[in-house]
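Chemist: One structure, as structure tokens, below. Some questions next.
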Amino acid sequence: MSGCRGFGLRGSSSSSGSCVWSVASSPSVPRSFQLWHRARSQTPSASPPSISTLPWCSLPSSSRAPGRSHHFSPPRILTPLAILSYRRPLEEWDLWCLNKEDRSHVVVQRLLEERKKQQEQAARHQAAEASGKRLSSEGEVLLGGRPQAQEPPFLRALMATFGSSFLLSMFFKLTQDLLSFINPQLLSVLIRFISNPTAPTWWGFLVAGLMFVCSVMQTLILHQYYRCIFVMGLRFRTGIIGVIYRKALVITSSVKRESTVGEIVNLMSVDAQRFMDVVPFVNLLWSAPLQMILAVYFLWQNLGPSVLAGVALMVLLIPLNGAVAVKMRAFQVEQMKLKDSRVKLMSEILGGIKVLKLYAWEPSFLKQVEDIRQEELRLMRQAAYLHATSTFIWICTPFLVTLTTLGMYVSVDKNNVLDAEKAFVSVSLFNILKIPLNMLPQLISNLAQTSVSLKRIQHFLSQDELDSQCVERKTITPGYTVTIHNGTFTWSQNLPPTLHSLDIQVPKGALVAVVGPVGCGKSSLLSALLGEMEKLEGKVYMKGSVAYVPQQAWIQNCTLQENVLFGQALDPKRYQQALEACALLADLEVLPGGSKTEIGEKGINLSGGQRQRVSLARAVYSDADIFLLDDPLSAVDSHVAKHIFDQVIGPEGVLAGKTRVLVTHGISFLPQTDFVIVLADGQVSEIGTYAALLQRNGSFANFLRNYAPDEGKKHQEADSRTALEDKEDEEVLLTEDPLSNHTDLTVHEPVTYEVQKQFMRQLSAMSLEREGQGRPVPRRRLGAAEKVVQATEAKASRVLLTQEEKVEMGTVKLSVFWDYARAVGLCAMLTICLLHGGQSAAAIGANVWLSAWTGEAVVNGQQNNTSQRLGVYAALGILQGLLVMLSAIMMAVGGVQAARLLHQALLYNKMRSPQSFDTMPSGRILNRFSKDVYIIDEVLAPTILMLLNSFYNSISTLVVIVASTPLFAVVILPLAVLYLFVQRLYVATSRQLKRLESVSRSPIYSHFLETVTGSSVIRAYGRSQDFEAISDAKVDTNQRSCYPYIASNRWLGVRVEFVGNCVVFFTALFAVIGRSSQSPGLVGLSVSYALQVTLALNWTIRTLSDLESNIVAVERVKEYSKTETEAPWVVEGSRPPAGWPLQGEVEFRNYSVRYRPGLELVLKDLSLQVRGGEKVGIVGRTGAGKSSMTLCLFRILEAAEGDILIDGLNVADIGLHDLRSQLTIIPQDPILFSGTLRMNLDPFGNYSEEDMWRALELSHLHTFVSSQPAGLDFQCSEGGENLSVGQQQLVCLARALLRKSRILVLDEATAAIDLETDDLIQATIHTQCETCTVLTIAHRLNTIMDYTRVLVLDKGTIAEFDSPTNLIAARGIFYGMARDAGLA
């Protein structure tokens, strides 16, 4: 037994699976321990600082932790924490702070420095080789003067950084290994003492005492070893996560397309964890051979040459174990690929759930996920059968080795007598020997898995990085701030150049407009200036700091103020000026917490216009030298666009005097720019001032005459307005967008938050109304500084939107175990328990038989019946193996079934969740689909088998000891009380630490997703280091629950092993006291069992705790599988007739809607009728309910009162898919999925190729798609990133044209498109949808001036509804809006 411990059989720990290697000792499931402590290493921080404050502090705010500075303490220091945990569930601030050397930024910095040093050495070495021998492959090592990382350097860097701790751990391991061989020798002495009645009694007491002292020494040294090795494993994980995060900030866009976010998240979670898991095994590389050599040496002394038979059998079985390990590795590689693609697809589905619902596409994507899952389950099943086979080999090998050796010993010479000393000392030595024997294949398998992870990490780390020297920042022609000389740029080396032969010079302080058709390279030009593209030739110079406003605003999950400050110190005057210029002051009044309102993930509680203005305010506040503005005016209404241009961007704006490069489709602003750059097909077609370009009569002048004939006149009119009118306009516009019900989600937005977003705006609308009822609110009459003070003081407390992730408290409910047992199958679980009971009975039988054999009388120096004894002993051994293999196979089948059912329930629920979901970051849902599903797939089943194994081992040990030494029953009670007390304390502590770890893990991934999405903005503002600091702080927060977890395992190990050591001591002591009545065979049997009890007791607690820790995954998945779902997709018996709707008539009858029960109505008593074929524009300011109205049409929101009828059929009576598949919407933000263009147009394969090409032609994409070699099979990258936003919008138009619905809804679908394309699209809609009913929510009023009627909404009611001409003549709300836009 003691040997077992030597191999770590005794406790080890990590976070959920605690002691991986230990598993080996007990006849349990081999693969289990590699799975063992897979997932554990994460922490919640003491009062976790707000995400937004984190970027600017490099360490986690753990100051509140109560005065503890040890990340890992001697076990005695854990006792107060364990007692506290027993009294009440632990919370974040109860945990210790991290030691400085364990904090992420320190660990990662060490690793990066070592890696850099080794890369430089490699570069020098290869440069030297290349100068001697010109090798083509060597030349590639230097990439732009930077050595490319290779596998050896990274592995060497890891070892060089963290290897010093290994030396100390090796010393502890060696000492413990040597100590493990003392107890078998003492057992030999004890049996000789029992056999010799004349030996003095004190001698027996001395041996019993020495056994106890030796066991205690082993315990203490072993746990020092584990403390050392696990802390090192955590540092491995921390370092790898940090390096991957930093790499993700600098990879090129082509690499980003190749490595999806899902894959990179897997590198951070699964692959980094594998390294942590393998570290405790590494010492086995020398320890296992050493233990094998010592065991064989002592066996030879005991049994002579017969031991060679057993050794030969071991050697023969090594290739078999190796073959199994290789096959397992192959399964592992395939499984990781499938897991990557499933997580990536789920990430995209969560990002585009709104589109899936609006188009009724959920079944297609559901099928894609299920197809991948089926493949995963098939591989899991095969791996499980292989696992069961290896379990059989594992159980049988030690037994067969013992059998072969003892059989050979009694067979070679009739005079070889098997007495108790030889038999049980040999059994003890074989128990030691079986650990390295079983661990070596596991070590090989573990190393194989880690090598797969290493290759994946290595591949990612060796990918191309953005060239920091691409843009020259120091020198530039005097008088200029931006210049490009003969610049040619591409997004990827294997793609044709996107921009070529650019020659551009921007004088200091100039305002430059960049215009051109969709896909001509406008956004790419800004990316080239930021160094985001690969430069093929030419030079780029930029002098000064940069602020960048991307086309799709990137908003962080922190307060509005923190989004604007973006890491800079608060200057109240400058902050107020930025808010005022960007028309955000009115928003502060209506947002629940003013500046301190938390903005949800990706800005879910802001409208598109608000997000864009926050993004612009961030740029304004940064006070940079150069402003790169990518169409910031497209997401806001025309009068707001005018205000922003005048107050921010234009000659009189706050940025006057700064260099501004403005990409725009708004031609009304061009006369006020200093000069205009016209792009066409990636080249500058014209450049010059607005007036000069008009006089030149080129393509730009023709374009302007066609699309803006009265542009000059309008401009003069606008300028000639009275100051008073200007004031009025401003007062109106400042209350515009806070409530604008536009739901322009960003490309990756997990849209399950749609209604929350609407709800936040509705709250704002209500607060506006309440203000309005009391008195008129002359918003601009207050002094600006006064206003900000009012807004911030009144709402100083931070208003949280994103709910804290729920942490279950206390014991895991029995219903969770019951849920899992039912998923596996109740009969299967019962059978598995009975099979394990049978295996234990067979094991006891074999050992009792051996004891009886050793006690058999010796006649003439020989024992009779040796062949019969051997035969029965062999049969009982093989029976053990068969029973365990059978239970492993049943558990494998049941485990795969449970994994299938639980994942399926989660997937179906998430696909059917309504849009009115509470705010729930996508990282949280993704965490369920990756980490929690992984635990259910691969960890739970082996954990259950190990628990059964160790439980039955403990029971059988006590039965054998009490049967052979009845006196032992006296000490069972006190030892059991101590054991149960320790077990209660440990389980309470470890369970809560595991829960805290799970909750603190999600923010690491959510933050990582946020960083990858906004990496270009982060780099542009030079904030990379700040974001690295946030990531480090989140990892530290997570680590803070891992360190106590390691400590709790050490604490448990020491105490439980003390109980086990007492069992050994009392068994030996009572054997000495009752030696007169006991045979040496029984003493040998009971003491050899006692020597193994420590392991069994330790593992029973640990596996029970691990089962509780890991079953939390079932609890978390179940929680998300039971959330509210929307109405049925199809209602059988109430399906619409074929061809419905024929007319396309839409009628709202006394229709009211609210977001949730108890909230005020957003649409109130709406009654209107739209005749078939009518074209109706929907307009309105401040949260009038425009988008809510369209969401009601699709039943994203369900009615509070009233009905919607389409062709006389009440839409509430039919299934959601029957409704949604017959309507078509072109959403404001285009969402594309990775896959072919064909799949993005028609995921069900319902349309012919001719139909698709026709739709592409009508949506003006035919030229682009036909120029691609793959045509319709052109691969769209994640989120459609390899298409411009305008092209993405055209793909959405093609989708709509393909569906040929009678009712078409346009949600400001052309905001991101240049005027020429917009005009073509409007013409297409007019011709192709001539007979359709078209409902358009419009920002650009010119698009709806020729519509049949215009509906003006105001505060959820119909304010005006008539033809545009009549409404202008009536001089009401619509007239005011048309006048603002220069159309009246």
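The backbone N, Cα and C atoms fix where each Cβ goes, and this holds for glycine too.
Predicted automatically and left uncurated, TrEMBL annotations should be read as such.
Annotations per TrEMBL:
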DOMAIN    167-449  domain 'ABC transmembrane type-1'
TRANSMEM  202-222  transmembrane segment
TRANSMEM  278-300  transmembrane segment
TRANSMEM  306-326  transmembrane segment
TRANSMEM  383-410  transmembrane segment
DOMAIN    482-706  domain 'ABC transporter'
COMPBIAS  711-725  compositional bias 'Basic and acidic residues'
REGION    711-732  region 'Disordered'
DOMAIN    830-1109  domain 'ABC transmembrane type-1'
TRANSMEM  870-893  transmembrane segment
TRANSMEM  958-982  transmembrane segment
TRANSMEM  1058-1076  transmembrane segment
DOMAIN    1148-1380  domain 'ABC transporter'
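Are these features on the surface or tucked inside, and what are their neighbours?
Modeler: Away from its own ends, the transmembrane segment (202-222) comes close to residues 2, 5-6, 8, 10-11, 172, 175-176, 179-180, 182-183, 186-187, 189-190, 193-194, 1053-1054, 1057-1058, 1060-1062, 1064-1065, 1068-1069, 1071-1072, 1075, 1094 of its chain (Cβ-Cβ under 8 Å, at least six residues beyond either end).
Tertiary proximity for the transmembrane segment (306-326) is limited to same-chain residues at least six positions away from its ends with a CB under 8 Å from its CB atoms, namely 296, 299-300, 386, 389-390, 393, 397, 400-402, 404-409, 412, 416, 430, 437, 440-442, 444-445, 448.
Sequence-distant contacts of the transmembrane segment (1058-1076) (same chain, six or more residues past either end, CB-CB distance under 8 Å): 1, 183, 190, 193-194, 197, 201, 204-205, 207-209, 211-212, 215-216, 219, 961, 965, 967-968, 971, 975, 978-979, 982, 1083, 1086-1087, 1090-1091, 1093-1095, 1097-1098.
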Chemist: Out of 167-449, 830-1109, 1148-1380, which stretch has the largest tally of CB pairs under 8 angstroms to the domain 'ABC transporter' (482-706)?
Modeler: 1148-1380
Chemist: Within the same chain, where does the transmembrane segment (958-982) have neighbours whose Cβ lies under 8 angstroms from its own Cβ atoms, ignoring anything closer than 6 residues to its ends? I mean 6 or more beyond.
Modeler: 844, 847-848, 1052, 1055-1056, 1059, 1062-1063, 1066-1067, 1070-1071, 1073-1074, 1078, 1082-1083, 1085-1086, 1089-1090, 1093, 1097, 1101
Chemist: Summarise the model's confidence over the domain 'ABC transporter' (482-706) as a mean pLDDT value.
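Modeler: Across the domain 'ABC transporter' (482-706), the average pLDDT comes out at 87.
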